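S.K.: Below: one structure in structure tokens.
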Amino acid sequence: MHRDAWLPRPAFSLTGLSLFFSLVPPGRSMEVTVPATLNVLNGSDARLPCTFNSCYTVNHKQFSLNWTYQECNNCSEEMFLQFRMKIINLKLERFQDRVEFSGNPSKYDVSVMLRNVQPEDEGIYNCYIMNPPDRHRGHGKIHLQVLXEEPPERDSTVAVIVGASVGGFLAVVILVLMVVKCVRRKKEQKLSTDDLKTEEEGKTDGEGNPDDGAK
């Protein structure tokens, strides 16, 4: 029999929720840190990390924790582990003895370990935390994906070759442009020099030779 999660149904929209938390004074709300997606190899052990920041130290008499599982976003939640003065493993038939608590609430760590992950374990794992007198409940959501085999390693050789080729091509283009620019500049300077010489020679011919004029 599935156990319902400790999760009161929200009575307001996501927009209202965002507005509500935006009005909470900085440092007064609980922050929960989890990976959005966790890829795990079939048959391996997976640590579902969940840590939190609170304004208050953890009092085990007041602190409470719930871990739940969902097959999909719209599916009902099944609670499989909780903390009430101590860790209580509910040992769902789905997980049996494969779930272990691996965190330490006093260190703001409430992570769990899932042994021998199976394809049926794929889904959403929710971490709910209450740490009175903090009035705000923390919530983290992890999407667990089970892989049938290890993903192939990315070969960076092709990327390096392409990058080097592009870089070399650009270097050659820049070099050619610089050479062309230098050649043009030299030609312009030579033309200016030739024009100046021609102008000076023209002036000399126009003035003539003073001795010839006397004769």
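Placement of Cβ uses the backbone N, Cα and C atoms for every residue, glycine included.
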S.K.: Looking only at Cys50, Cys55, which is named in Swiss-Prot as the disulfide mate of Cys127?
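M.R.: Answer per Swiss-Prot: Cys50.
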S.K.: Please work out the mean pLDDT for the residues of the domain 'Ig-like C2-type' (32-154).
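M.R.: A mean pLDDT of 95 is what the model gives the domain 'Ig-like C2-type' (32-154).
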